[in-house]
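Q: This structure is in structure tokens; I'll ask about it shortly.
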Amino acid sequence: MGGPWQPPGTCVLLVLLLALPMLRVRATHPDCSVVLYFQEQEAECLEIIRSESQTPAPPGQQGCLTEWDGVSCWSALPVGQSRAVACPDILHVFKRSKVLIRRNCTESGWSFPSPPYYNACELEAIGSNNDTETKASYFVTMKVLYTCGYSTSLAALLLAIGIFSCFRKLHCTRNSIHIHFFTSFILRGAAVFIKDAVLFSDESIDHCTMSTVNCKAAIAFFQYSVLANFYWLLVEGMYLQTLLLLTFTSDKRYIWWYILIGWGVPMLTVCVWVVTRLQYDNHGCWDDYTSLYWWVIKAPILLAIFVNFLIFLNVTRMLAQKIRSPDISKNYKQQYMRLTKSTLLLIPLFGVHYVVFALFPEHIGVDARLYFELVLGSYQGFLVALLYCFLNGEVQAEIKRNWGKWQSSMESNVFNLATQDFTA
């Protein structure tokens, strides 16, 4: 107990090894708090040590200098005094313990911690090895599901964009907005695959401490695609409201405003977020959702969802008035119903869970959050393509008309070829 105490590099390693099964079970970035906590504590302690080294102690005064032992920072003390610290304060990793770890400053230096960290600091229950393997298998299955979901959505969205682009009769402001909306879903799916490839392709890399340009660029692109997705859904709601207000006149002049909102607002938001992170919180890979600066991204998304909800209520009110109005013809009523049913379904469907989860801390409802955002969210693009394109009566009629023309053309070519052979 009285011998010199050397900072053991294995102390923090022991704590991390004890907590590692929990990190593997939950497999979400907030669990990197264990690593980030010790990094922050070490940086603060080393800063104190640097400042003390620049201010030499008075001659004849003996004592122990400030020291980082791998777990806690021990402030400087005169010989013969002692200091006590509590266990690391990491939520959902260590149980709250009233036991204090004490060290004495002796003539030989700092004494060993008493009691040792592994006796004083008790971890939260983390389950058995079988439970850990079950959870690991669960997340592998979830990754397979959302990979299939995004792949299906990408294929459906590309086909829908091709249909809207190929048929001239489908070229209009409404379908142009749909194409931008589809593109935002394509970007979102691609961003998920890019993020997985950068962060999790190599299991030997600790993504908790990864801080490369590629990693930060992948996260910034992912945040932009998510923002663009929500804001193009907002544009869909705004366009629907404009149609009902203007009665299908003068809608083309608003297209550039829609593009500015759908792509420009997310770009401006992400640029502000990137500059903020570079200046004030340039740590890790920027995927720590517990950061205060995460609200730079979250607040605009919540604003878009809130405005869309107001549009949803207003459109419902206007639609009810127009359908009951005797001045509106039957064709216009059918047109209103066809245009509104998809958007009225999408507005409450997308973003409701986001609002619910935004009211709780990131560690609450992790399994439900992952299921909604990854698995169900991966099929949203397919649902959008289905509602706006494949189940659209106008699109179906145009495909049938062109299919009939193609069949007639083929039959005519076959007949001409047979006639030429007969008369030759």
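Cβ coordinates are placed from backbone N, Cα and C, and glycine is handled just like the others.
Annotation source TrEMBL lists domain 'G-protein coupled receptors family 2 profile 1' at 44-125. For 142-392, the entry in TrEMBL reads domain 'G-protein coupled receptors family 2 profile 2'. The signal peptide annotation in TrEMBL covers 1-27. The feature transmembrane segment is assigned by TrEMBL to 144-165, 177-194, 230-248, 255-275, 295-315, 343-364, 370-391.
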Q: Which listed stretch (177-194, 255-275, 295-315) has the most C-beta pairs under 8 A with the transmembrane segment (144-165)?
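A: Ranked by Cβ pairs under 8 Å, first place goes to 177-194.
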Q: For the domain 'G-protein coupled receptors family 2 profile 1' (44-125), DSSP counts of helix, strand and coil?
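A: Its residues fall into 14 helix, 23 strand, 45 coil.
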Q: Find the average pLDDT over the domain 'G-protein coupled receptors family 2 profile 1' (44-125) in the predicted model and report it.
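A: Reported value for the domain 'G-protein coupled receptors family 2 profile 1' (44-125) is a mean pLDDT of 82.
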